[in-house]
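According to Swiss-Prot, the feature active site, tele-phosphohistidine intermediate maps to 191, an assignment based on similarity to another entry. If you look up Swiss-Prot, you'll see 298, 334, 456, 457, 467 marked as phosphoenolpyruvate binding site, on the strength of similarity to another entry. Feature annotation from Swiss-Prot assigns Mg(2+) binding site to 433, 457; the stated evidence is similarity to another entry. Taken from Swiss-Prot, the feature active site, proton donor applies to 504, supported by similarity to another entry.
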């Protein structure tokens, strides 16, 4: 008899294969054992650190080939952990001062760090805790002489089952053999979930108990569309899911026919579908999925996973590469959006109680122009290689925009005096992610060239609800009428001044939100490249006039639930 296990759908698709249990190695040791040869124990610890660096470098290089530099940057962070004196020194001191064995010293110190990071109401720091756990486990395995599981050695068709997959586990998965995976813990934003989407393999996380309910070699189905795992399916279930898998692949193939199609409603209104990217390595997916531009080019990758600022030349090459590849299509580059939630040793950013409301993004750039000016110079120099738009993140006041624009114009003049060619067709815009900015959209619209609505932050700032907090996640409501009214206000203000508005938050690619946004008059929908073809098919089947009527009714609703019901009645 088959068994159904429910989890969180982390990556689309259907996988059918036998289970491969990722068995946790025995990393137990005598915590109370004292050592007499202190120097020898320190040397043992140092040797484990070096061996871990060698392994992680190999994994990092493999991840860059399979997943791109953006995802491989996780392992740059792991390597930095192994070089962090604030972590390494206390471990060595514990061995020397307390005669602790290397395994005890390592686990005691890293557990303290993990506990501190996990207690913070900050998703980035919680991810740092996961990084330290992963690195600590690798170092401990070398101290104890125990081999960690190596998913790269799998040479037959399997679905991996485990408590969790660490970033290094996921980076070693071979798509040829690993059909999918399912884990006890994790969420859609965990490292393993993000990487599974990059690898395009079905994944389900957060099942809570799958390792207790599945045996090695069981046949299992991973339904990444609905979050279901079926263990030892019946013949009928097997046939049904084989059909479902074939339909999924057929649908993907059918969607490819829309790659070069226009995005136009049944009543002839055009919309622009653009892609969000994190590095130039994301370009193949952008082109493959028929993006009509790039609506958000995040530039943080240039600053992460390193111990010094990127040079102007490094930045110039990264911007030039994307502009050339897009061949005249619009590329919207967001200037540095970073703050105290990210640990960059060379920036010496202050620790803050709430870094998401603190010294970050445009605030940091205006205050530390030695960071801002090289980025603007690199962007201006790259502007002649394509259609460049520049937008400033987290702008709260018109004076912030004016100051940023003045600095950019100053650097433009400097570059021209140095003999550089600069495009005269660069549009300057802002991210609308703060309610105050949306409230003054009519004021901003007179001075900016465009708006890009960042719904992820706009929603949590408007509803005062941390989207990463389980306790208040019910308040993170993309379809709340208050959000729809703000979006409408921004779009109408831009159109009144002959400007355009895009959206680059998750809402832009959401199938419930798309009819509403179309009706509100959104000009550009920017989303994950893998969502573009589905969105194109959806928009091409909608009537702009009908969606305008829908949107006008939606903004008069009282609750998110009413809005969803309204959309479902309009779009069947």
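Numbers here mean position along the shown chain, with the first residue as 1.
Keep in mind that glycine also has a Cβ here, set from the backbone N, Cα and C atoms.
Shown on the structure are the features that Swiss-Prot records.
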residue: 298; record: phosphoenolpyruvate binding site; DSSP (3 states): coil
residue: 334; record: phosphoenolpyruvate binding site; DSSP (3 states): strand
residue: 433; record: Mg(2+) binding site; DSSP (3 states): coil
residue: 456; record: phosphoenolpyruvate binding site; DSSP (3 states): helix
residue: 504; record: active site, proton donor; DSSP (3 states): coil
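The 10 Å shell around the Cβ of residue 504 (active site, proton donor) contains 29 further Cβ atoms across the protein chains shown. Counting Cβ atoms from all protein chains shown, residue 298 (phosphoenolpyruvate binding site) has 18 others lying within 10 Å of its own Cβ.
For residue 433 (Mg(2+) binding site), the same-chain residues lying six or more positions away in sequence with a CB closer than 8 A to its CB are 393, 394, 453, 454, 455, 456, 457, 458, 461. In the structure shown, the C-beta of 334 has more C-beta neighbours within 10 angstroms than that of any other entry among the binding-site residues 334, 456, 457.
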